[in-house]
Amino acid sequence: MIMSSNHTNLRDIWYTMIGIPGLEDIHLWLSIPICSMYIVALIGNTLLILLIFTEHSLHEPMYLFLSMLALADIILSTVTTPKVLAIFWFQAGGISFASCVSQMFFLHFMFVTESAILLTMAFDRYVAICYPLRYTTILTPSVICRIGIVSVSRSFFICFPLVFLVYRLTYCGRSIIHHSYCEHMGIARLACDSIKVNIYYGMTVPLFSIGLDIVLIIISYTLILHTVFRIPSQSAQLKALGTCGSHVCVILLFYTPSLFTFFAHRFGGHSIPRHMHILFANLYVVVPPTLNPIIYGVKTKQIQDRFFQMFSCIH
């Protein structure tokens, strides 16, 4: 693919994504676990959403937030994985500028949205444990709906400027993306003018927005632990902490690889090979969506019971 020399007509710009540089010979082998995880993520999260919306006993705030997370997982993995597999299987790395920017926007948008959902789930556990008698009066269906709208709106206003920031740049010849999907700085680095604004925005806004979510999650769990350890019964303490176990696992699964990728990409320099950066980036958009429904399925008795009940009815 050759980039148009017309700087102003962005519709003529095409890029070629080469997948994982240095690992082209094993693209086919890498596609097997990625495709398998993607299929499990689609089936697991779709099944989780169906279980929650068809079972009246699961129409509680905790499970409604979980259904939001499952939907976000489906979208996050679908934004990138089909194109990654097309590159690995058919070397179909060509993508237009508009499609690349769209993929970039939805990738960052869903990541920020998932972070907001995890924060709301931490707030849910805080209310459930610290104010159990007021749980259903605080987290009413209308409040849950508003929280969902605010989460999506916040993510949109954080990520939409990225579209403007890449459209304002001048592109003049470089058309190879050394990655398997489009992300903000990957596109910006193909420009031939200054990208300082892109770097500053790409650094500060994610750190402040995601960082704020992490801080508020830590505060929520600090207050939860403070309340739990004041409970006289040890069995009641373990029961209260048990309701948080799945959420803590999902939080660690989501933030640990993504923050590692973020900081390694910007501060790791040449100490970490490029192919390891990109391989890890491919995994963190598919591994959490794959494992989240499994974690909640294993650790949540109500979901287990409804799951086995559904399949016993089928048989």
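Indices start at 1 and increase along the chain as displayed.
Cβ atoms are placed via backbone N, Cα and C, with glycine included.
Note that the structure is a prediction, hence the values are computed from the model and not measured.
Listed in TrEMBL for this protein:
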type     : residues : note
DOMAIN   : 44-296   : domain 'G-protein coupled receptors family 1 profile'
TRANSMEM : 26-53    : transmembrane segment
TRANSMEM : 65-92    : transmembrane segment
TRANSMEM : 104-123  : transmembrane segment
TRANSMEM : 143-167  : transmembrane segment
TRANSMEM : 207-229  : transmembrane segment
TRANSMEM : 241-264  : transmembrane segment
TRANSMEM : 276-298  : transmembrane segment
Surrounding residues of the transmembrane segment (276-298) on its own chain - C-beta under 8 Å, 6+ positions past either end: 20-21, 23, 30, 34, 37-38, 40-41, 44-45, 47-48, 66, 69-70, 73-74, 76-77, 79-81, 84, 107, 178-181, 183, 246, 249-250, 253-254, 257-258, 260-261, 264-265, 268, 304, 307
Positions on the same chain near the transmembrane segment (143-167), where near means CB under 8 A and six or more residues out: 10, 61, 64-65, 68, 101, 104-105, 108-110, 112-113, 116-117, 120, 184, 187-188, 191, 197-198, 201-202, 205, 209
